[in-house]
Structure formats: structure tokens, C-alpha cells
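Beneath this line is the structure, given in C-alpha cells, with notes to follow.
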Amino acid sequence: MKPYKIENIRNFSIIAHIDHGKSTIADRLLESTSTIEQREMREQLLDSMDLERERGITIKAHPVTMTYEYEGETYELNLIDTPGHVDFSYEVSRSLAACEGALLIVDAAQGVQAQSLANVYLALERDLEIIPVLNKIDLPAAQPEAIKKQIEEFIGLDTSNTIACSAKTGQGIPEILESIIRLVPPPKPPQETELKALIFDSHYDPYVGIMVYVRVISGEIKKGDRITFMATKGSSFEVLGIGAFLPEATLMEGSLRAGQVGYFIANLKKVKDVKIGDTVTTVKHPAKEPLEGFKEIKPVVFAGIYPIDSSDFDTLKDALGRLQLNDSALTIEQESSHSLGFGFRCGFLGLLHLEIIFERISREFDLDIIATAPSVIYKVVLKNGKTLFIDNPTAYPDPALIEHMEEPWVHVNIITPQEYLSNIMSLCMDKRGICLKTDMLDQHRLVLSYELPLNEIVSDFNDKLKSVTKGYGSFDYRLGDYKKGAIIKLEILINDEAVDAFSCLVHRDKAESKGRSICEKLVDVIPPQLFKIPIQAAINKKIIARETIRALAKNVTAKCYGGDITRKRKLWDKQKKGKKRMKEFGKVSIPNTAFVEVLKME
């Protein structure tokens, strides 16, 4: 590492909506600062997962340290790359807390989008210096002046320092580097000598264990120090090594000092021991107060995951355990279902987080899985005054004991072209939304603020929004409060037996339509048996919808050539009695495809 000068350090982040060119600009910055040799360069270098490259999203934060010569001085530029999606907003807030500035990347053709808005507000709360960057300036559809006006009027940023760039051609990249040095303030000189370092991420390495990513606020951290975590007040650990991101994690001699970004390794074996947002200090000279802003990450969306082949249970257990090593937000609990066998109840930060985990299980571990419909945490207030929190229909108590139910609501911002306003209002009305306000973003686009139940968001809201706005709508949400709701348990009965895998918690207004659609779907996917099968949807034992799978017809009178009708009647009566007995004692075989199809629909 170069000689240490706190005034020559610049810590910054990049804020952008999906597909606005964040990872490509990061690539160009790495090239321009010669952080990586040309022969080792590849697209989206900081996005290490194939999934990140394919989807064009950042799932895990990737820091990198660059050096840049400017006016005879050598500067240390620490880029702390952040996930852009709303599911990871707490991680974003902690990454921003490690910075003094941020680049706001906006597509010069598409303009400001919902996700960039959400993260800009997080940066403004931290009082970061924000540099607007208009990317894709080389596109024929680029409207730099109109987009600048949007940023000024809607976000309230001064756009006099806006940089026009093209990550594709490299235009504007030197100006970005110079602006970071000129405009982003260096870290404040520490007021105390005790070690205080902010944990903004962690990573499990099979050889060295947990690598803890930190930004040092005061003091220094070096090999041999005995450290502890202030918010979690856990055990103490010896630092076995420190390192920097050049761009790969590289062990180094010396120490990490105030203002610097790097990582340390200690004898930590579980990511759960390391909480994002916690404060690291030494045991010998501990800091008096931890850094502000720490909170426990709690899952928001829950779903059951079961192997299609029950013999794959141990493989699934191993797969989830490995994924959890690098994902402290993923919670896992073993459960069993009468119809699906043994599986796991998993908690996620949101729908994107859930999709990523499902996709990684099938890709990296080659497993076929069934996932139950995503659910949220409901609050059940009982008549005896007790309060329960449930995320699984099987935990739903006897309705006679319930005083009332409450469900989580969210604040949603939707950005859309004006012509789709009525479509979005209809969609939000269907999802039980409450309109708070409507603002003009520019002469063509609107920002709609809504309150919606979280349960309506986690099902198919994103798909429907893209559908009604022809792909032009975008949204972000933040958790609000719990509100009373008429939430009930919908059960599906097949041949008069409840199938737990199809049970779900729904709002009373939607119960009948949901029950009917599940029954109709099951009629299509369950093959006919030798007897008639009733498929029913029920609420509190009251049937609200019914479909019937007709029996396979066998012609028992085929051998009677002519002859007396009484002979045929005897055979028909015998068949009827046999079918009745079969209906009482026969088991309906439900194929796996039926579960997959219905749960896909949910």
C-alpha cells in the first residue's frame, strides 16, 4: 500500500437503477486507474456471480481500492459498490455510511427511475456529496438537458457538476475520476484514538473463514489485535490478518487506519457471528459508544422449500447451509408437510432475494425443488390478550380464539409514463391500495405514492405493473406499519381431505376468487381416478367453491350381448357400490406437477 494520508482518501459509492450502466462504469474506472491489467479485464468485473451478469444486477456489495495520480498527488479511491434493489436497502444504507460521496448514474435516455430515487434519499440522509452522471450519452434518444431538469426539480440536486459520459466508449471517465477527487470530501480526521470500524459486509472463504469488510472510522486495526463487536456484545477474536481489495482480496502487512477500507480475518466460522452495521473495537482499548444506525436484519417474506424427490432432502439441507454461509439474511428452519414431505421454511428480505436463492439452488446444486407460495408475517391478536406472529398457514389458530388479525403495509413509489395512469390506479385498487399523492416528474412521467399490503406486493405486483405499463413502470417500497385486516385461512380439500400445501392466508374479499381459481387449476392437472373426486375450497369448514374430477368410465356391460335389462342393472349397481367403497377407502394420487402448477399460479 502507498504512504498513508487521510486527506488523499476518497470513499464513494455508485447509485443507479437496474440497467443504467453501474457495473460498466465501474469497469471503466478500474481500467482508467490501471487497477487491473487489460488482459485480465472482463465485463462486469465486480459482479462475481453468473446470475449477476445475466440479470445485469448487483446482489452482493463488492468494494475495490484504486490509486490515481492528480496534480502531483497520489489518491486512494475506495469504491464501495452496492446492491441496487429495494430488498437490500439496509445493506445499501450501511455501505453508504462507509462513504463521503456517491455517483448518481442516470440513463440519459430513460431518466430517473424508482430504485435510484430510493437510494438517493438514503444518500441524502447521510449528507453525502452526490455527483450526477448521465450515462449512455452516445445514444440517439439521449436527452441530457431534460434529464438534468428532472434531477434538479424532483430530487433537488444541483446539476452544475453533472458529467456526461458513455461507459461504452469511455467518454467522460477521466472527468468522473477528477470530480471524485475535487468534490467528494476526504474522511474527517478522527476525534478519538480508540478503534471504531464499521462492518458493511462479510464473505465466507473456504480457506480462511469469514472475511469481514470494514471502513475504519477511528484508530487502527492490525494483525494480532484482539477485537470484539459492540452491538452484538459477543466473544472476542484475534485478528489473523488484514487486507485490501486490489481488486481481488489481497492480504497485506501493516494496519488499516482511519478513513481506509479493507477487510480482516479472525477465527470466525459463521457469517451469522458478523452483523452488517455493527462496530468493531479492540478489547484492550474499547470505544465508548458504537456507531449509529445498527439494526438486526429481519426476513420479510417466507416460503417453504421442498425437494421434488424426497431422497434429495440431505442435498437440499447442504445447499441451503452453503448459501447461508454468505447470506446472513437467509433464515432456515426444518419443517414437514403431510403432502410434500420434509423440507425447510425459509425467510427472505424480499421477492428478488427469494428468486435468487431458488435459482441458485437449482443451478449450483442441480436440485429440483417445489416452493410454496410466498407469505408475510401476520400479527394475530387473541381474545385472551396474547399476540402471535405467524408466517405459515399451518400455524393459524382456531378462528374462535381470534380477536383480530393485522397485516404489514408498505409505502410504494411508482414512476410511470402519464398514459398508463388509469391502468396503474386500477391495479393498485385491485391490490387494496390507498393513493397518497401524485407528482409530476417531468412533462411525460408521474410519481405515484401508494400504501399497499405487503402480501399484495410479494405475489405478482411487479409482473402486473410491467404488464400494464408495457415495461415502462418501475417501483420501490419501504416497510410501513401493521394495520387491521380481514385475513382468513383458505383450505383446499381433495376428496374431503385438506391438503396443507395448498392452504394459504388471504384477505376475505379475495378468498372466493382465489379458491375458485385453485380448484379450476387442480381439475386440469390431477388425472381422473376410478371414482369421482370433489375438489373444494373452504373457509372455517364452509365450502365456498367446488369442482369435480369425473371418474374414469368403464363399460361393465360390454360382455352382455343384448339380453335382459335387469342383468345390466345388476352389473351397474355392483359397479356403483364398488366405486362408493373406493371413494371411502381409496387414496387420491396427486402428481408433483399439480403442486408445481398451483404454487406457480399462487
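Using the three backbone atoms N, Cα and C, a Cβ is placed for every residue, glycine included.
Record features (Swiss-Prot):
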BINDING   Asp19, His20, Gly21, Lys22, Ser23, Thr24, Asn135, Lys136, Ile137, Asp138  GTP binding site
DOMAIN    7-188  domain 'tr-type G'
DSSP-derived class (H/G/I helix, E/B strand, else coil) of Ile137 (GTP binding site): coil
Binding-site residues compared (Ser23, Asn135) - the one with the fewest other Cβ atoms within 10 Å: Ser23
CB contacts for Gly21 (GTP binding site) [other CB atoms within 10 A, all chains]: 24
Asp19, Ile137 as binding-site residues, winner by CB count within 10 A: Ile137
